[in-house]
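Take a look at the structure set out below.
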Amino acid sequence: MLRIYADLTKFGIVVFSVLAGLAGYATGFQIENPFDWKIFLETLLGIYFLSSGSLALNQVQDWKIDQKMPRTAKRPIPSGKIKPAAAGILSVGLLLVGMNMLFKLEPVAGWVGLFCVFLYNGPYTLWWKRRWVFAAVPGAIPGALPVTIGYAVANPDIFNSESLYLFLIMFLWQMPHFWVLAIRYKDDYAAGGIPTLPVALGMEKTMFQVGLYTLVYVGVALAAPMFVHASWMFVLLTFPFVFKVLQEFYRYYKSNGTERWLAFFMWLNVSMLVFIIIPVIDKWNFLFIHHN
């Protein structure tokens, strides 16, 4: 039963969302304020329930499409492990719990969470993904908002440079992340009728877009000192990951997307975590030293 629940809520993606929320909260938190474990844990739980509910609802919305795709046909609903109605009730319950927690913690965080769910389960799932080749671009907005939700609980000023940096890293990372998978499973997406880049425009144009967004992504990471406090630690830890991401993309590109996809994919994911965690460590190290 736990396995079905984990698959329905896409637990692996939820973990990324919670980690992003943690980074957002830690970046927005002011060291002069008393740290409250209750608020901290409720923030992570709120993001967990919201993400789980939204992703489960997405499977309810897409189960007929998932049924046509070999990669997704074994998901809980198309495989018959759980009824769509039961999954729908569970997803709504999770969403309500998550929204309630976030609104109680900080109304700004609640509104950002509500907008996130609306965008992901509304326009993206129901229209953009099914009709638009570049749906991954606006679809990356809700995927990047968990970090903003976490930030908002600690600091409701979500339009400052710190919050913007975290959002941009999460946003830009998603395009190469998704399109690498779209290349890998392009036959599945074609079977499901989803017009992804490799299905609709071919490999050459898709690889160009992957490369373009990868360059912008690492460019923003290198520009972090313009957005957040950054010291020698930033330089020491960021540059090797930037180099490795670009190196793996080059190898991936030279194979025309047929080899090295997993190495590039994994380094993208690891680098994203590094790029949002380094500013947190750097800021807290700086504040702690100067506070004492």
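Using N, Cα and C of the backbone, Cβ positions are placed for all residues, glycine too.
Under the heading transmembrane segment, Swiss-Prot lists 11-31 (among others).
Swiss-Prot lists 37-57 (among others) with the feature transmembrane segment, giving sequence analysis as the kind of evidence. Beyond the transmembrane segment (37-57), the same-chain residues lying 6 or more positions past its ends with a Cβ under 8 Å from any Cβ of the stretch are 8-11, 13-14, 17-18, 21-22, 25, 87-88, 90-99, 101-102, 104-105, 109, 113, 116-117, 120-121, 142, 146, 149-150, 153-154.
For 85-105 (among others), the entry in Swiss-Prot reads transmembrane segment.
Taken from Swiss-Prot, the feature transmembrane segment applies to 108-128 (among others), supported by sequence analysis. Long-range contacts of the transmembrane segment (108-128) within its own chain (CB-CB distance under 8 A, at least 6 residues past either end) are made by residues 43, 46-47, 50, 53-54, 57-58, 61-62, 95, 98-99, 102, 135, 138-139, 141-143, 145-146, 148-150, 152-153, 156, 158.
Annotation source Swiss-Prot lists transmembrane segment at 133-153 (among others).
What Swiss-Prot lists as transmembrane segment is 163-183 (among others), and the listing cites sequence analysis. Beyond its flanks by at least six residues, the transmembrane segment (163-183) meets 20, 23-24, 27-28, 136-137, 139-141, 143-148, 151-152, 155, 157, 189, 196-199, 203, 206-207, 209-210, 213-214, 216-217, 220-221, 224, 227-228, 249, 252, 257, 261, 264-265, 268-269, 271-272, 275-276, 279 of its own chain at Cβ-Cβ distances under 8 Å.
Among residues of the same chain six or more beyond the transmembrane segment (199-219), those with a C-beta under 8 A of the stretch's C-beta atoms are 133, 169, 172-173, 175-176, 179-180, 182-183, 186, 189-190, 242, 245-246, 249, 253, 256-257, 268, 271. The feature transmembrane segment is assigned by Swiss-Prot to 199-219 (among others).
The transmembrane segment annotation in Swiss-Prot covers 223-243 (among others), and the record cites sequence analysis as its basis. Long-range neighbours of the transmembrane segment (223-243) within the same chain, counting only residues 6 or more positions beyond its ends whose Cβ lies under 8 Å from a Cβ of the stretch, are 27, 161-162, 164-165, 267, 270-271, 274-275, 278-279, 281-283, 285-286.
Same-chain residues lying 6 or more positions outside the transmembrane segment (261-281) and placing a CB less than 8 Å from one of its CB atoms are 16, 19-20, 23, 26-27, 147, 162, 165-166, 169-170, 173, 176-177, 180-181, 183-184, 214, 218, 221, 224, 228-230, 233-234, 237-238, 241-242, 244-245, 248-249, 251-252. Summarising the annotation, Swiss-Prot assigns transmembrane segment to 261-281 (among others).
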